[in-house]
Amino acid sequence: MSHKHTSSIHKYTQGYTAKSDFYTSITQATQVERKLIYNPQSDEAVNERRIFGGNPTAIFELNKIKYQWAYNTWRIMLANTWFPEEVNMSQDKRDYELNLSVQEKQGYDRALAQLIFMDSLQTNNLIDNINPYITSPEINLVLVRQAYEESLHAQSYAVMVDSISVNTDEIYNMWRNDKRLKNKNDYIANVYMDLAKSPTETNLLKAMYANQILEGIYFYSGFSFFYTLARSGRMLNSAQMIRFIQRDEVTHLSIFQNMIKTLQNEREDLFTSQLEEEVIEMFRKAVDMESSWGEYITQGKILGLTPQIIRDYIEYLADKRLSAVGLPKIYKKNNPIKWVDDYAQFNDQRTNFFEAKVTNYSKGRLIFDDF
């Protein structure tokens, strides 16, 4: 990340004070403008497109593409279309009732509540908070598709809750009634709220980094709980549902990684030493909160997920996300649960880990190991 500052960034003077606890002041605060939804006066050429700050016509002229990575991702996302009803949850209902301990049921419900909140937040954040400022039509496409997939995941969780749990209302209200979950949710949601309240270039960029935390650490940590149960032969179809969801998350991670890396070329002035320090601090605090949450939902009672393994895995994920956007690793940890990766390989035909049947999920081309 470049530490170079630019004189074009001026001090924000409209009186907004950020509430997020990982930074205390805004020193770079150029406003970012919402794109027009109808703009016949624009004569912006393809090569003049920008991720934000452009002047698009608002027409999706997809035979002229600047950001080829976005269009390629769009095609992969379309090819990966699936529906929650494809997964039969009847056996999981029996497992939940007969084969899970009290602690495992609590952990299942809490992990599910966490995922429900995050996909709900992401759906609204993408549509109402980020996409309005993105001025590349091909990136608009993938963000709209991502929002659709986040809402599809919400439907998946509804299928899981209705099929399995006797605590439907409790699960759906846990995001605000469970203090530990709410504290974790508040932390990442405040980054998005900063953008909503003060739409500056820096806040938009921070929201992109926050996306890497939510999609690439919080989600993956939550997924590991379901995979751990499945590894012991229980809740196999819940894990299968999570596999479909995680395949989508691979593309979601790549979208924001590509946006950040593209902005490093287009807007080098935004990538200051102060921003780097703030982003790394975001990741540190997110790792601490997610590690504490992981210990809370497992209660030391889930075989294969000790507090140290949970912490090491989350630190490993954080390093992987930081490295993907050009930031230094801060933990230098190896993956302590490499077997989890076997649950998310969609690009080659292999034996189904759960049922010893050959399956193929190779619709798309993004590879889980890269994310």
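Note: Cβ is positioned from N, Cα and C throughout, glycine not excepted.
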Fe cation 1 site partner of Glu150, His153 (as recorded in TrEMBL), chosen from Asp119, Asp178, Asp186: Asp119
Same-site residue for Fe cation 2 (record: TrEMBL; known: Glu150, Glu249, His252; options: Glu215, Glu277, Glu278, Glu281): Glu215
Rounded to the nearest Å - Cα separation of Glu150 (Fe cation 1 binding site) and Glu249 (Fe cation 2 binding site): 9
Tertiary neighbours of Tyr157 (active site) (same chain, Cβ under 8 Å, six or more apart): Leu112, Leu115, Ile116, Asp119
Env. residues of Fe cation 2 site, Cβ within 8 Å of mean position of Glu150, Glu215, Glu249, His252 Cβ: Asp119, Gln122, Gln146, Glu149, His153, Leu214, Phe219, Asp248, Thr251, Leu253
